[in-house]
Amino acid sequence: MTTFVKLRTKAKMPLVGLGTWKSPPGQVKEAVKAAIDAGYRHFDCAYVYQNESEVGEAIQEKIKEKAVRREDLFIVSKLWSTFFEKSLMKEAFQKTLSDLKLDYLDLYLIHWPQGLQAGKEFLPKDSQGKVLMSKSTFLDAWEGMEELVDQGLVKALGVSNFNHFQIERLLNKPGLKHKPVTNQVECHPYLTQEKLIQYCHSKGIAVIAYSPLGSPDRPYAKPEDPVVLEIPKIKEIAAKHKKTIAQVLIRFHVQRNVAVIPKSVTLSHIKENIQVFDFQLSEEDMAAILSLNRNWRACGLFVTSDEEDFPFHEEY
């Protein structure tokens, strides 16, 4: 059974990776080390998570121990929206690279399609609390990122949270040198993303699913929000296969040839979440999970929903 997805660059991206959003400094280092020991090779990072330095320490320690080689790892990071101008993009990238203590990234993504005003704040607002946008677009950012590939600092480029119209704009960009190899999006039984996944795959773009467990620890959860980890149908499927609910939620993506990056800092969960290659969900199981879709999102920069390039107004 294959454990990776092949990108258009011929690189192999492991189907299960470790997410690091919300992993607190002080815990993320041990989590990454435990994950390497458990067999993870794909690590999903981002400038805006403010914990890349510890992730880098963990990777370096494991390389020194000869537990893993750099070339066997698949390290991903993301450019935040306040750095879309080329000079700022270079600075942000250099900080990511030095924090991660690497000399190249396997994949560099545009984290979110809307540009935000440059400055110290990740979410800049005026005195009225309105989010300040940037004149620079994701197309400007892409040009700078392409130079990183040409310099050998990044192996491949991708996007995150893009709808298919935005991907289309990028693919049709005059003078495009490097096509996106991935689109990383929220995906779980309440947001199955069937049309977007179909579109991406038709364009040779791999999909990475974030928040596959419904992001239960997101800081802005409302009490009335649905809880993906408590869906009765998933519990039933898990019991039938003698697997955990999380394992079924992760396996659901693997069987769609979608990479998946569950986040955990709990040792037992880290081990469990990658043990998804020894069972198969039936066609009935898959159909039942897909039927749960309600286009419900746990994540998104909803404060910018009135601005240009907000990605989630479109059907897909």
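Cβ atoms here come from the backbone N, Cα and C positions, even for glycine.
The model shown is predicted, which means the values in this text are computed figures rather than measured ones.
Cβ neighbours within 10 Å of L213 (NADP(+) binding site), excluding its own Cβ and spanning all shown chains: 22. What Swiss-Prot lists as NADP(+) binding site is 20-21, D44, 160-161, Q184, 210-215, 263-269, N273.
The Cβ of Y49 (active site, proton donor) has 21 neighbouring Cβ atoms from other residues within 10 Å, across all protein chains displayed. Mapped onto three states, the DSSP output places Y49 (active site, proton donor) in helix. Sequence annotations record features per position, and here Swiss-Prot assigns active site, proton donor to Y49.
The site 'Lowers pKa of active site Tyr' annotation in Swiss-Prot covers K78. For K78 (site 'Lowers pKa of active site Tyr'), the same-chain residues 6+ apart in sequence whose C-beta sits under 8 angstroms from its C-beta are C45, A46, Y47, V48, Y108, L109, I110, H111, S160.
There are 25 other Cβ atoms within 10 Å of the Cβ belonging to T20 (NADP(+) binding site). Note: the Cα of Y49 (active site, proton donor) and the Cα of Y210 (NADP(+) binding site) are spaced 14 Å from each other. Between the binding-site residues K263, H269, the minimum number of other C-beta atoms within 10 Å of a residue's C-beta occurs at H269. Of all the binding-site residues listed (S160, T266), S160 sits in the most crowded Cβ setting, with the most other Cβ atoms within 10 Å.
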